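This report refers to the structure that appears directly beneath it.
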Amino acid sequence: MEPAGEFYRMENGGDQSKKAAMGKESWNNGIRTAQNMSNSLLRKKSDPLLVSKLRFQMLRQFLANLQEVILGTKLAVLFPAIPLAIAADFYNFGRHWIFALSLLGLTPLAERVSFLTEQIAYYTGPTVGGLLNATCGNATELIIALFALYRSKIHVLKYSLLGSILSNLLLVLGSSLLCGGLANLKKEQRYDRKQADVNSSLLLLGLLCHMLPLMSRYAAAPGVLIADSTLQLSRASSILMLVAYIGYIIFQLKTHRQIFDSRQEDEEEEEEEEKAVIGFWSAFSWLVGMTLIIALLSEYVVGTIEAASESWGISVTFISIILIPIVGNAAEHAGAIIFAYKNKLDISLGVALGSATQISMFAVPLCVVVGWIMRVRMDLDFSLLETASLALTILVVAFTLQVLFLYNIT
């Protein structure tokens, strides 16, 4: 029995006191990002008594993990969409049904990936945990984009990433400010200007890199082919953006970590939320499995988007810019609005601005570099209308936040 007990302690990160101490240290070192806290609102506690009476320890542990991972979210009702999507593909149902079911199945998976990365972060320490959260924060959008790149559907890739940025800055941030203001009319809402300024500066840098290929194309003389030069400029700009994003991660996790720490008012609730509920290897295994399922559903989404467009009478552009970003990150977006309603505007801003920054400065240039490796002509030229929409959105958001802070409205 001793080896089994030793295995159980290793699986669950040692004894409870060490695990709680590690969780507390990780929390204080800024592992929990605004995106994690936003998703946590849609989680629910499981009842350990349901599996505690089982005789076999490994079976009891597996069922306990299954209960935490699958049933530990209010979005568990959407999990049946995953096997239904696979069955629809296997039995050759309508391709628009495969698209719809896959999109619904991605919603709880995105929230569970956030949960699992948070669980792993309790055991790996602040630096590795922070890097993991920064990388997996928008895993669904990134995987969809990579599959679109693999299939050379550059328009779907560009529109979906652009839609993610616009939905975070316009829909999520706008709804958070509106709902937070209406719910706290007699209170004063405040936010950390330093954190907002850092994200706004990175978004403006990303906008400049997006505009360079477009301006190069329009500045060329008539009849001059500049496709190759535009592609090279995009690749050079993408490398610059990735370097800037790495610097931002170091700034966030090491040198100025206190700027990005989310403030909590309820200390007892904080202590309760910071405990790991599953072991490291269990969380890692679940994370790998769910990432593979996300990859499968993302392949379904990319492969059936044209069929869904024809069946529903909706353009591929609308589906890519509106439906995919909103449905894919619905849990995170809803959490941001709820936090603003609770007068915790810093967390809402961290979700909206942080996700938009990650897409603009990491996901987009990464796709350009991966396309370079795959010999796919992916560039930063998002055409005039899309780039103008992005520029107007970033400028309006940056100006609005500065005005609100200046006049002490929030």
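Any Cβ shown, glycine's included, is placed from N, Cα and C.
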Please identify the range among 1-22, 177-198, 265-286 that TrEMBL labels region 'Disordered'. 1-22
How does the domain 'Sodium/calcium exchanger membrane region' (284-401) divide up by DSSP, counting helix, then strand, then coil residues? 102 helix, 0 strand, 16 coil
Against which stretches of its own chain does the transmembrane segment (93-110) lie, if we need a Cβ under 8 Å and a gap of at least six residues from its ends? 73, 75-76, 78-79, 81-82, 84-85, 87, 139-140, 290, 293-294, 297-298, 300-301, 303-305, 307-308, 311-312, 323-324, 327-332
Stretch contact, the transmembrane segment (276-298) with the transmembrane segment (162-185), Cβ-Cβ under 8 Å, 3+ pairs: no
Recorded stretch that, among 162-185, 197-216, 318-341, 353-375, 387-407, has the most CB pairs under 8 Å to the transmembrane segment (131-150): 353-375
